[in-house]
Amino acid sequence: MLKGNDDKCIRQNRLDQQIRQDEGANKERGNWSNKLEFLLSCFSYAVGLGTIWRFPYLCYRNGGGAFLIPYCIMYILAGLPLFFLEVAFGQYASEGPINVWRISPLFQGIGYAMFCISFLIGIYYNVIVAWSFYYLFASFTTELPWTHCNNEWNTQACAKFDGRNCTLFGGLLNSTGACIFQNETSSEDWDVLRNFAKAAKMPADEYFHHNVLTISNDIQEVGGIQWKLALCLLFAWILVFLALVKGVKSFGKVVYFTALFPYLILLVLLARAVTLPGYMDGVLFYLIPRWERLTEAKVWGDAAMQIFFALSPCWGGLITLASYNKFHNNCFRDSLIIATGNVLTAFFAGFVIFGIMGFMAHELGKPVDTVATEGAGLAFIAYPEAVSRLPFAPFWSILFFVMLLTLGLGTQFTVLETVVTTIVDSWPDKFRGRNHKWVVLGTSCVMFLMGLSMCSRNGMYILQLVDNHAATFSSLIVGFCEIMVLSWVYGADRFLNDIRFMLSKYPTTYGLWFFMWKFVTPIVIICLLIFCIIDFKPSSYGGVIFPPYINGIGWVISVLPVIFIPGIAALKIYHSEGSFWQRILKLKRPSEEWGPAPRKRKVLDEPKHVDSRIPLALHLMEDS
């Protein structure tokens with residue numbers, strides 16, 4: 001008898017859980033098929049190219065292992081609070097970056113700013129993916145094309161000879177490859193040799209600049225479209241379109257590959273790197289702490305900037321991904337897993353990158369700091385140069401660029417999904433359902449056409465300009481406005497109550513989140529903004545400083561997303577009714593549509609009459 005009652009209780013609990021899951025679903029808009037898809041999509045979004053080519057370099061430049069201390073502190077003070085805030089925000093409302101601001105319509109411009117930032121990032125980010133495709137296709141050969149200096153694009157500056165045995169003993173190579181020592185020549189000839197050595201370019205450097213980019217002398221020299229690169233960009237956009245054509249359902253399947261495969265390749269590359277001479281030199285250079293650097297403000301500023309952009313808040317992507325969660329998903333646990341996993345991935349990637357850089361320094365007979373670099377210089381020059389010196393070089397090159405592609409595409413998928421979700425959520429009657437694919441197609445075409453400007457001979461300069469301005473100052477301002485509205489205008493206590501409504505309990509350490517959101521994180525963001533202004537340098541690339549009017553265009557790009565915040569507020573106030581102050585008070589309060597998605601809110605607010613449903617279900621289960 002007792003056993004029978006226990007069985008009924010178990011069945012009852014299972015049914016209650018199923019009912020709860022059904023209540024949390026949003027069938028109109030769609031949900032992830034399972035919880036793992038959300039986790040992987042966030043990993044795929046946050047663990048991007050910057051994880052590989054930015055963090056390891058910052059770590060070595062700012063004190064090695066000592067840099068981990070400010071990095072972890074900034075993770076706690078700024079990175080994790082913002083990440084959790086946006087994930088909970090998107091999940092609660094089940095809306096994209098614009099409609100989610102029904103929480104305070106006066107500030108809906110924040111959502112438009114997020115949309116604008118994602119749109120700008122998506123244009124140039126896929127160009128970097130196109131570069132990766134170019135290199136991947138070029139790697140399917142018996143000899144990598146950047147191995148030697150005998151190609152049509154090479155110049156006299158290309159370093160044709162291996163100077164390791166010469167430079168180790170303080171000598172310099174001349175144009176014929178002979179090793180010359182200072183005591184063997186005159187001071188004038190030695191100066192000529194030193195200038196020749198400084199001007200020398202690695203084959204991989206010339207391959208990237210003279211073959212892939214065919215780069216012009218400056219940003220004002222436009223040149224024509226590089227059609228091989230343009231075709232690679234078209235191919236990249238076709239892949240992105242196919243991944244998102246069915247919305248979250250197709251996207252959720254693709255992230256199994258884009259999120260997990262990079263880890264497999266990193267492990268394979270690490271296993272190869274540890275066998276190479278010079279590996280430990282690179283790793284020690286990466287990790288040995290230089291504690292005195294902790295007294296420098298720039299180290300702390302770099303740590304805060306890196307953690308801020310590594311987790312990708314304020315672009316709308318996290319809100320978009322979380323909006324497809326079921327209402328009762330444990331977003332607190334997910335935020336801890338994803339944000340912490342991102343930090344650990346960046347740290348782990350450093351062992352691979354600097355291990356290979358140590359090998360390259362050993363091969364060239366140079367200190368590690370002379371070959372260590374970041375950004376495009378690491379991904380498309382330094383690393384390919386190192387790979388070309390390995391046995392079976394094409395195989396390792398293919399692995400590396402497949403990894404770059406999966407990292408880049410994983411972020412690009414979410415960036416485009418953010419843009420598309422914003423459009424669809426703004427006009428659901430027109431675009432939701434069968435018309436969704438046309439929104440994806442149209443957006444992809446527009447962004448592809450705009451990206452073609454970065455496939456021209458001055459495209460690298462344009463990309464550098466947009467990269468410097470699209471998501472730096474604007475993201476920080478958007479992040480500050482976002483957290484101030486949620487914690488002060490709406491109220492951190494009310495927001496924590498909403499989270500309790502989703503999770504059936506407050507997140508662990510209620511007081512900590514309340515204090516972080518209201519005081520600590522906003523102060524950190526303000527300090528970051530001040531740091532960026534002080535540390536700002538005019539845009540440049542390869543020693544070419546952009547003209548003042550070009551930097552002026554860069555500032556227009558920075559200000560463009562932010563203009564939406566006061567602009568939309570002014571429009572809302574103008575179209576509202578009552579006195580000026582009455583309009584402000586009305587618009588800063590949540591609108592009638594704020595809350596869980598309308599269908600969910602209706603289900604959750606109604607009393608649960610289960611008399612006729614539960615016994616019948618139990619009876620059917622017993623009969624079966």
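Each residue's number is its place along the chain shown, starting with 1.
Backbone N, Cα and C define each Cβ position, glycine as well.
Predicted automatically and left uncurated, TrEMBL annotations should be read as such.
For 36-55 (among others), the entry in TrEMBL reads transmembrane segment.
Using a 10 Å radius centred on the Cβ of Asn342 (Na(+) binding site) and all shown protein chains, the other Cβ atoms total 25. Positions annotated as Na(+) binding site by TrEMBL: Ala46, Val47, Asn342, Leu407.
Marked as transmembrane segment by TrEMBL: 67-89 (among others).
Taken from TrEMBL, the feature transmembrane segment applies to 110-137 (among others). For the transmembrane segment (110-137), the list of distant contacts is 49, 96-101, 212, 228-229, 232-233, 235-237, 240, 314-317, 319, 376, 379-380, 384, 397-398, 401-402, 404-405, 408-409, 411-412, 415-416, 418-419, 422, 447-448, 450-451, 454-455, 459, 463, 466-467, 470-471, 474-475, 478, 481-482, 485, 557, 560-562, 564-565, 568: same-chain residues at least six beyond its ends, Cβ to Cβ under 8 Å.
The Cβ neighbour count for Cys158 (disulfide bond), using a 10 Å radius over every protein chain in view, is 19. Residues annotated as disulfide bond in TrEMBL: Cys149-Cys158.
Annotation source TrEMBL lists transmembrane segment at 225-245 (among others).
Among the features that TrEMBL reports, transmembrane segment is placed at 254-274 (among others). Same-chain neighbours of the transmembrane segment (254-274): 37, 40-41, 43-44, 47, 243, 345, 348-349, 351-352, 355-356, 359, 390, 396, 399-400, 402-403, 406-407, 409-410, 413, counting only residues six or more beyond its ends whose CB sits under 8 Å from a CB of the stretch.
For the transmembrane segment (303-324), the residues of the chain that approach it from at least six positions outside its boundaries are 26, 29-32, 38, 41-42, 45-46, 48, 50-51, 54-55, 58, 62, 67, 70-71, 73-75, 78-80, 82-83, 85-91, 93-97, 100, 111, 114-115, 117-118, 121, 248, 331, 339, 342-343, 346, 411, 414-415, 417-418, 421-422, 471, 475-476, 478-479, 482, 524-525, 527-528, 531-532, judged by C-beta separation under 8 angstroms. Marked as transmembrane segment by TrEMBL: 303-324 (among others).
The transmembrane segment annotation in TrEMBL covers 336-361 (among others).
Residues 41, 43-45, 47-49, 51-52, 118, 121-122, 125-126, 128-129, 132-133, 135-136, 139-140, 144, 236, 239-240, 243-244, 247-248, 251, 254-255, 257-259, 261-262, 265-266, 268-269, 272, 312, 315, 317, 320-321, 379, 383-384, 387-388, 440, 443-444, 447 of the same chain sit 6 or more residues outside the transmembrane segment (395-417) yet have a Cβ under 8 Å from a Cβ within it. Taken from TrEMBL, the feature transmembrane segment covers 395-417 (among others).
The feature transmembrane segment is assigned by TrEMBL to 438-463 (among others).
What TrEMBL records for 469-491 (among others) is transmembrane segment. Remote same-chain residues near the transmembrane segment (469-491) are listed as 81-82, 85-86, 89, 103-104, 107, 110, 113-114, 116-117, 120-121, 124, 308-309, 313-315, 517-518, 521-522, 525-526, 528-529, 532-533, 539, 554-555, 557-562, 565, 588, 590 (criterion: CB distance under 8 Å, separation of at least six residues from the stretch ends).
Here the transmembrane segment (512-536) has Cβ contacts under 8 Å with residues 74, 77-78, 81-82, 84-85, 297-298, 301, 304-305, 308, 472-473, 476-477, 479-480, 483-484, 486-488, 492-493, 495-496 of the same chain, all six or more residues outside its ends. Residues annotated as transmembrane segment in TrEMBL: 512-536 (among others).
Sequence annotations record features per position, and here TrEMBL assigns transmembrane segment to 548-574 (among others).
In this chain, the transmembrane segment (336-361) lies close to the transmembrane segment (36-55): three or more C-beta pairs between them fall below 8 angstroms, excluding pairs fewer than 6 positions apart. In this structure the C-alpha atoms belonging to Cys149 (disulfide bond) and Leu407 (Na(+) binding site) are separated by 30 Å. Long-range Cβ contacts of the transmembrane segment (67-89) within its own chain (Cβ-Cβ under 8 Å, at least 6 residues beyond either end) map to 42, 58-59, 100, 103, 293-294, 299-300, 302-304, 306-308, 310-311, 313-314, 318-319, 321-322, 331-332, 334-336, 338-339, 343, 347, 479, 482-483, 486, 495, 498-499, 502, 507, 513, 516-517, 520-521, 524-525, 528. Packing around Ala46 (Na(+) binding site) is summarised by its Cβ count: 29 other Cβ atoms lie within 10 angstroms of its Cβ, all protein chains included.
When Cβ-Cβ distances below 8 Å are used as the criterion, the transmembrane segment (36-55) is approached by residues 87, 128, 251-253, 255-256, 258-260, 262, 306, 309-312, 317-318, 321-322, 324-325, 329, 334, 337-339, 341-342, 345-347, 349-350, 353, 374-376, 378-379, 403-404, 407-408, 410-411, 413-414 of the same chain, each at least six residues removed from its ends.
The Na(+) site, placed at the center of the C-beta atoms of Ala46, Val47, Asn342, Leu407, has further neighbours from the same chain whose C-beta lies within 8 angstroms: Phe43, Ser44, Tyr45, Gly48, Thr51, Ala310, Thr345, Ala346, Gly410, Thr411. In this structure, the recorded positions under consideration are Val47, Cys149, Leu407, and the one with the smallest number of other Cβ atoms within 10 Å of its Cβ is Cys149.
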